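Trainee: Per TrEMBL, the feature transmembrane segment maps to 43-60, 72-92, 123-144, 156-178, 190-213, 234-255, 267-284.
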Amino acid sequence: MALSDPFLQTFVLIASDGVTEIPVAVADVNEFILYSVKTVINYGAQIGSSFILLLVLVCMTPSARFLKLSQWLHIAALTVNIIRMVLLTVFFTSSWNEFYTFFAGDYSRVAPQDLQCSVASEIASLALFIMVQAVLGLQAWATVNLLPAVWKWSSVLLSACVSFTAIGIRVASAVGQIRFMLTLSDTPSVLVALLTSVMGGTSIFYYCALFNVKLVSHLVKNRTFLPTRRGLSAVEVLVITNGILMIIPVIFAGFGWRNWQAFEPGSLALTSVILFLPLGTLIAQRIATPESYHEVKARHQTSTGRSDMPFKDISQIGSDATESNAATSTVTSRVEAGRSRVATDPIDLELRRLDGYDAEMGVVTGF
């Protein structure tokens with residue numbers, strides 16, 4: 001019998017019992033291939049962006065900031081995310097993703113190394129989730145630390161409840177997933193998986209709203225996005241940049257509530273958080289310290305009395321010599337004043353407080 005549309009035909013697979021027939025449509029095969037290719041492209045983009053930002057943090061961050069807890073959390077989270085995404089990408093070349101295994105649901109011939117790789121990817125995902133909650137908690141502490149005591153400690157308590165609840169549910173989900181991978185019999189709980197998605201998205205929504213409190217208060221107070229005449233401090237710039245950039249992870253977390261074809265927003269939510277938080281810190285440092293290298297070099301040359309002009313007009317030597325003694329004290333005072341300003345940079349002090357690091361006490365105050 002002739003087919004009206006050959007693209008709609010169906011073929012049959014025989015199950016391992018030799019009797020059960022499994023019908024497979026051509027459209028299902030196309031969807032299987034497209035999902036694998038698009039997901040691998042998605043994972044590859046996350047690997048590349050995480051690797052580039054990791055190099056930027058290591059190469060462009062001042063050495064003094066490597067003493068801060070938040071800096072090491074950013075570096076560790078980016079490193080773990082690269083490992084996680086590589087392991088998740090390897091899944092599509094493993095026996096888990098073979099044609100018959102996928103359509104028949106028969107995982108009896110999954111290779112042991114593929115099982116171990118899947119377990120490692122789940123552990124890496126759990127570790128990254130915990131690091132993300134820790135980074136968000138440190139940034140939240142810097143935000144609420146500027147509020148009155150009642151609001152500050154109420155926000156700290158609520159943030160701790162949200163983070164620890166999300167971590168607890170994520171641990172339960174990881175245990176169920178690993179048990180299924182090792183036994184191939186205990187199906188993970190659908191309720192736990194749903195709660196994991198709900199709490200993961202809720203925590204991102206909550207911290208985004210918390211980071212935007214400062215931005216909203218600035219808009220209400222000044223009725224403009226622009227800074228006031230006194231300008232913005234480094235803390236205010238960092239809070240505002242984090243609040244704006246955290247909108248992107250919120251969008252990906254919102255996409256997770258819908259079953260998208262050939263698109264996985266769940267991995268993008270965590271990756272975008274660990275990308276945009278350190279990026280917001282770099283942006284805040286640049287905005288709060290707008291001096292370029294050439295401006296610093298010019299100021300250094302002025303303070304040391306050196307000039308780019310190698311020669312001087314001989315006719316001015318006599319007059320300059322008579323005025324040099326009178327100007328010595330003025331130049332010296334300006335040089336010393338410039339040195340004192342460099343030694344006590346208020347921006348660095350504010351960024352230290354933002355990171356939750358008390359330089360005088362030598363302890364980390366963030367939760």
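Glycine too: its Cβ is placed from the backbone N, Cα and C atoms.
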Trainee: Is the count of Cβ pairs under 8 Å between the transmembrane segment (72-92) and the transmembrane segment (156-178), pairs 6 or more apart in sequence, 3 or more?
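Mentor: In this chain the transmembrane segment (72-92) does not contact the transmembrane segment (156-178) - fewer than 3 Cβ pairs sit under 8 Å.
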Trainee: Given a Cβ distance threshold of under 8 angstroms, which distant residues of the chain, six or more beyond its ends, lie next to the transmembrane segment (267-284)?
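Mentor: Distant Cβ neighbours of the transmembrane segment (267-284) are 42-43, 46, 49-50, 53, 56-57, 60, 70, 74, 77-78, 81, 85, 88, 125, 128-129, 131-132, 135-136, 139, 200-201, 204, 234, 237-238, 241-242, 245-246, 248-249, 252-253, 255-256, 351.
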Trainee: For the transmembrane segment (123-144), find every same-chain residue at least 6 residues outside the stretch whose CB is under 8 Å from a CB in it, and list them.
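Mentor: Hits for the transmembrane segment (123-144): 69-70, 73-74, 76-77, 80-81, 83-84, 87, 151-152, 155-156, 159-160, 163, 166-167, 170-171, 174, 178, 200, 203, 207, 210-211, 213-214, 235, 238-239, 242, 270, 273-274, 277, 353-356, 365-367.
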Trainee: Going through 43-60, 156-178, 190-213 one by one, which has the most CB pairs that fall under 8 Å from the transmembrane segment (234-255)?
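Mentor: By Cβ pairs under 8 Å, 190-213 leads among 43-60, 156-178, 190-213.
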Trainee: I need to check the long-range neighbours of the transmembrane segment (190-213): which residues 6 or more away from its ends have a CB within less than 8 Å of a CB in the stretch?
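Mentor: Distant contacts of the transmembrane segment (190-213): 129, 133, 136, 139-140, 143-144, 147, 155, 158-159, 162-163, 165-166, 169-170, 172-173, 176, 239, 242-244, 246-247, 249-250, 253-254, 256-257, 266, 269, 273.
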Trainee: Going along the chain, which residues at least six beyond the ends of the transmembrane segment (43-60) come within the CB cut-off of under 8 Å?
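Mentor: Cβ under 8 Å, 6 or more out: 71, 74-75, 78-79, 81-82, 85-86, 88-89, 267-268, 271, 274-275, 278-279, 282.
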